[in-house]
Amino acid sequence: MYQLTLPDKSVKKVALGSTYRDFIEKELPFLKNKALAVRLNGKDIQDLSRVVETDANIEVLTYTEKAGWETFQHSAAHLLGMAVQNLYKNANLTVGPVIENGPGFFYYDIDFQGTIITPEDFPKIEAEMERIVKADYTVWRKVVPKKEAIETFQKLGEKYKIEIIGGILSEEVSIYGMGEWFDLCRGPHVSNSGILKSFKLTAISGAYWKADKDNAMLTRIYGVAFPSKKELDQYLFQIEEAKKRDHRKIGKELDLFSFQKEGPGFPFWHPKGTILWNSLADYLRAECNKRGYQEIKTPAVLSSELWKKSGHWDNFHENMYFTDIDEEDYALKPMNCPGCSLIYKHHLHSYRELPLRFAEFGSVHRHELHGVLHGLFRVRAFTQDDSHIYAPLEHLESEVTDIIDFTFTVYKKFGFSEFKTFIATRPEKSQGRDEDWEFATNTLKQSLEKKGIPYGIKEGEGAFYGPKIEFNIKDSIGRLWQCGTIQVDFSMPERFELDYTDSDGQKKRPVMIHRAIYGSLERFIGILIEHYEGKFPLWISPNQIRILTITEKVAEYAKDVYCELVDAGFRVELDTRNEKIGAKIRDSILKKANYLLILGEKEMESGTLAVRKRGQEDTKTLTRSGFISNLQDEIKSAG
């Protein structure tokens, strides 16, 4: 008998020869139709068909867990591979990984050996995939010596698989299959093809074998897979909506920002985009002031010695930009925290001063490969709304709790009401003592639990210096965006020898808390553009009011209205062009102005305004003071 310990600490006995599926069906029957794989001792993920061979802590993985989701998508990649080789007998498979960012959740790179594949071929491939699903093949696994595997794939002419096997250090490799078809793979996979009911091929592109332009050009087919048609349909709806809302398209239409060939990956903010950027910064700056934060600024270029001391030189080197000053190595900062710690260290500190909260809108630079750049979502220069808090250890939980409240206050201000929260735990490559990591992780959990906030666990996805809370916001079309973080850091205070004098006169190390709410202003603005479809709420809108004249006779009256509104603090544009009013209205609608003031002789004579609100066809007549009062009330009501 073996013993398996569940997450609730209950222990279950398992008979010899039982598979993990047998165990789930007996002990956890409510999960038998959702289970995709199991995770043992927090790291070893195995198929449900594997025989239990040891005592272990066990987690059942479903589609809602990341590892379960990855198992599902990777199995769908195998489904695609089998369908392609059933239809195209000469096709050679290479690799079929799971991805998080791209036009699909998985892809397979395939050498069709001269056959041209286009999206028009997708229906035929999808039909074969559906046939395989309906056949409900059992997914089998076999472990064989490398020599045998090479001989097997040589007979099939699978030259890429032979090359992959040659790079594997182990003397054995695993093969997964359905029916007579099989593929080289580490796994894990779902138990049978019938589980993969809902899928869609989404895109096609070219890709060089091993990303080397001197190698063969392959065909990369992307796809997505879901447990149900409802979830697939929802995803496809999101994709179509996302195309309409693409922040790159809307940003160009509203003249918010651009990217230039002289600086790929570096956004250029135009006047209206700068208004939006400043609105976000000003709001958060005011909220920080209410909560006792002190704003600082640190240099963009700092000595390599600093980055070696902070650990970034070893852990972040490939993402940094370097320069030489006076024959010494320097780097553009990829993060703000080391500079902030130098400011803390510049003075002596007493326990009476702590917690000490520093805030910085810090511009950072990180090298990203050209192929992963994506509008404002993935750039090489961005501004973080960083805060670094230095506190005694006993203040950690209260500070984290306050930051949680602060974070949700900000998100709700922008109209976000649904969230998912995760705790990311210690990665393999990390720094610090085991007891500090355990204490910090437990404190983050307790802080969320006391606020009644449910959370998931992202095993091994914390920063190298400490665990973190990740805040995900759901936008207006149901997509989740990871934005804010709260990170606990015991490493940097130790590395920089930061201390304070406690009440007993002894020097002690503070704990350091890294906090960001937007994450980066650039990315958060991209999210807002797509969330609102460019129709920003009045308080941050760069196009609040457009004044349109019907005839030239009212130009002076329109200018007088313009000046009054500008003096009241609003962003106003005046259109006195000698154009038909219909054309002016259409142009203003495209600019997504919150309000149009359509002024003719009637309004001039009565001293009133004809007001049309964005999204409405009718106009209302208001006094000038009444309109200003309404605008002020609308901004106040935004929270």
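Cβ atoms here come from the backbone N, Cα and C positions, even for glycine.
Going through His247, His270, His365, His514 against Swiss-Prot, the one listed in the Zn(2+) site together with Cys337, His388 turns out to be His514.
Each residue in the domain 'TGS' (1-62) gets a DSSP state, and the totals come to 11 helix, 23 strand, 28 coil.
When the binding-site residues His388, His514 are compared by the number of other CB atoms within 10 angstroms of each CB, His514 has the fewest. Other residues of the chain with a Cβ within 8 Å of the Cβ centroid of Cys337, His388, His514, the Zn(2+) site, are Met335, Asn336, Cys340, Ser341, Asp386, Ser387, Gln487, Asp489, Met492, Met512, Ile513, Arg515.
Across all of the domain 'TGS' (1-62), the predicted model scores a mean pLDDT of 92.
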